[in-house]
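What Swiss-Prot records for 95, 96, 97, 98, 99, 100, 101, 102, 103, 104, 105 is ATP binding site, and it gives sequence analysis as the kind of evidence.
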């Protein structure tokens, strides 16, 4: 029989955003970034109260359809606990549908909050597994859970049972910084995936495998390899037609020597480097309505009793 969480129990979660793919590492590499959502969850007598401020305010549902709420419910069920009612407050800074892991952060915050309310009965692997079921891949989720960079993978059993999601952290060189150029437009991951071909030439697959290896060395040991390590032939060339502004800025930045790439499904463009991007370039981006954020590599999700 499930244990009931006492009314009045409250936890606060701080979850970082993330970038996925990082150029060649399609659906496998992720990086936590210092832009955060804050979620407070309190057990109340009955019902559900949802409040959202910041990013997504006035746009996301304030009922059981809210992703954080769905993730909380999944976490409580997995932990075998129940709550009479929930009050959920979300203060969001991660831009939504921009390729910075907002949906993964929501799923992670909900599962982590539920686990904290239950007394921390779920281990890290279970949290990644549970949160990744909302995404269908673990790259952003694992980055938000573990912090730093991650290598992630999915195993799909031949017997048709549910996929299992896995990740391992990668320590990032301390000199690496991130600059995000965030266009004022949304990108649906599903829509942007539709332009990808079902098959790619063996030569291009080999190219991406080698560059993924180079990128891991660049991230952990030798940042001078970041430009070479962020080259890609698997997904970004095909997404250029539906993300023309992003493609323009990726090409402009790379042509000037900056390791730029599409963050996740876009439209955000991310630069990873040890030196700042030239201010004149960033100002031009701002003048064209593109938001610029100077970020650092973030640590893992954190939680505390409120």
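Each residue, glycine too, has its Cβ placed from N, Cα and C.
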Nonlocal neighbours by CB distance (under 8 Å) for residue 105 (ATP binding site), same chain, sequence gap 6 or more: 15, 16, 17, 18, 37, 94, 140, 144
Least buried by Cβ count (within 10 Å) of the binding-site residues 95, 99, 101: 95
DSSP three-state assignment (helix, strand or coil) for residue 103 (ATP binding site): helix
Coarse DSSP state, helix versus strand versus coil, of residue 97 (ATP binding site): coil
